[in-house]
Amino acid sequence: MNSDGTTTTGGGGRDVQIHQTRILPDFLQSVNLKYVKLGYHYLITHLLTLCLIPLMSIIIIQASQMNPNDLHHLWLHLQYNLVSVIICSAILVFGSTVYIMTRPRSVYLVDYSCYKPPSNLSVKFTQFMEHSKLTGDFSDDSLDFQRKILERSGLGEETYVPEAMHHIPPTPSMAAAREEAENVMFGALDNLFANTKIKPKDIGVLVVNCSLFNPTPSLSAMIVNKYKLRGNIRSFNLGGMGCSAGVIAIDLAKDMLQVHRNTYAVVVSTENITQNWYFGNKKSMLIPNCLFRVGGSAVLLSNKGSDKRRAKYKLVHVVRTHKGADDKAFRCVYQEQDDDGKTGVSLSKDLMAIAGGALKTNITTLGPLVLPISEQLLFFATLVVKKLLNAKVKPYIPDFKLAFDHFCIHAGGRAVIDELEKNLQLLPMHVEASRMTLHRFGNTSSSSIWYELAYTEAKGRMRKGNRVWQIAFGSGFKCNSAVWQALRHVKASPKSPWEDCIHRYPVQVVT
């Protein structure tokens, strides 16, 4: 499956292009009722809070309307009804205690930083193809295939590949891979600490995700050692979880912040390319070479109420979908060796259809949490009629533009962005951040959604109260969503990855 929505098949040394009219299934036209129920289950879990708020409001309104005589009569009544007073007090104390103990702690995004590699690591298409040819590992057919992928990928001429890939021949050693990881992670963290003025020893939780490079000691241990983090830090290292692992890491950090009071959590998302470049000729394994580029992000989260005033966003929802129980979904993004023993990541021809199914499940679960009640009623009514009466009723397509102001769709490839734009009925401006991130930085895996958020901020479009939908998917197969709400008019932080080039965007991407 190519990035332009065509399937390439080899036969007798010739390539046949089979054009498809649709890459992703029209997942908004077919929904599963159990995922809608799951979304409403999330609402029911917060039913106590929803009931207590209006009750307290009614009590306050009634109390405000009482005059001194009413208060005197109430006091006299209570004096002769001690049992009632005790029962009411016990109920009030019990309800307040349950509310305080069960309510989730707010999680604030104080700031984040995206790594921008040095200019000497940028690679133009001609340079990419010339170096690929000089390695001597690729056949003419494979070189032509990579050239076509590059031209249709949506990537620009300023994306970055690691230092080892600039050498002729390439030098994909363990030392070079460590150096790439250190440059990316430490570069993002240095900027994050400088912008937030947070001392590294104040960090209580550390979560690092990198799918394909997991050395010993771990990447999280490298960060602990570099910044001399405290000895009782809760550190986690997530591996093999693909491009959606950034949202998984946020969810894990959120859960940790529910347990540990008054602390900070840092989430570092990256991918390592140095030791994962494919030097074979299997076409399904060549595509990652053309799309994946160097990048990474560091995010600072807090559960301290005092940080609300300076934080950029508040975490509203995280919805995770895992399709790993299905064999096709499990193997659609699969690291393996080809017939010549060369290791790479193979992309199945079923990838886009599986991604569509995961997306359908995820947004069907997310809908009841974020859509206005009017959209939910229309959507649910048509769904019930279709299920109960077996009527040929066209499902109502919810307008997600009413729920979100900004969309950060994982920059996995141009075709995916195109199809999500079509299926969710988005406008070009809603997918602009994703397209421009793909053009400027390529597919930076799990960190791409943060480059997209940084683009929106750099454009000055983030206003107080705006809601942001980050959606990413990756191997497993997984689709994960995070919803954030802006706490103020958000401006780009110093040393934003777009700082020196935002004036040139948006650009017209060649299709």
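Every residue, even glycine, has its Cβ placed from backbone N, Cα and C.
All TrEMBL annotations are machine predictions without curation.
What TrEMBL lists as transmembrane segment is 40-61 (among others).
What TrEMBL records for 82-101 (among others) is transmembrane segment.
What TrEMBL lists as domain 'FAE' is 99-388.
Around Cys243 (active site), the same-chain residues at least 6 positions away in sequence with a Cβ under 8 Å from its Cβ are Ser211, Glu271, His410, Gly412, Asn443, Ser445, Ser446, Ser448, Ala472, Phe473, Gly474, Ser475. Feature annotation from TrEMBL assigns active site to Cys243 (among others).
Summarising the annotation, TrEMBL assigns active site to His322 (among others). Cβ neighbours of His322 (active site) (same chain, under 8 Å, six or more residues apart in sequence): Gly476, Phe477, Lys478.
Among the features that TrEMBL reports, domain 'Beta-ketoacyl-[acyl-carrier-protein] synthase III C-terminal' is placed at 405-485. Here the domain 'Beta-ketoacyl-[acyl-carrier-protein] synthase III C-terminal' (405-485) has, by DSSP, the following mix of helix, strand and coil residues: 37 helix, 21 strand, 23 coil.
Within its own chain, His406 (active site) has His430, Ala433, Leu453, Thr456, Arg461, Met462, Asn466, Arg467, Val468, Trp469 as residues 6 or more apart in sequence whose C-beta sits under 8 angstroms from its own. According to TrEMBL, the active site annotation covers His406 (among others).
Positions annotated as active site by TrEMBL: His410 (among others). Just so you know, the Cβ of His410 (active site) picks up 30 other Cβ atoms within 10 Å once every protein chain is counted.
When other Cβ atoms within 10 Å of the Cβ of His439 (active site) are tallied across all protein chains shown, the result is 23. Residues or ranges marked as active site by TrEMBL: His439 (among others).
Annotated active site per TrEMBL: Asn443 (among others), in sequence order.
Taking all protein chains in view, 26 other C-beta atoms sit within 10 angstroms of the C-beta of Asn443 (active site).
Per-residue confidence over the domain 'Beta-ketoacyl-[acyl-carrier-protein] synthase III C-terminal' (405-485) averages 95 (mean pLDDT, predicted model).
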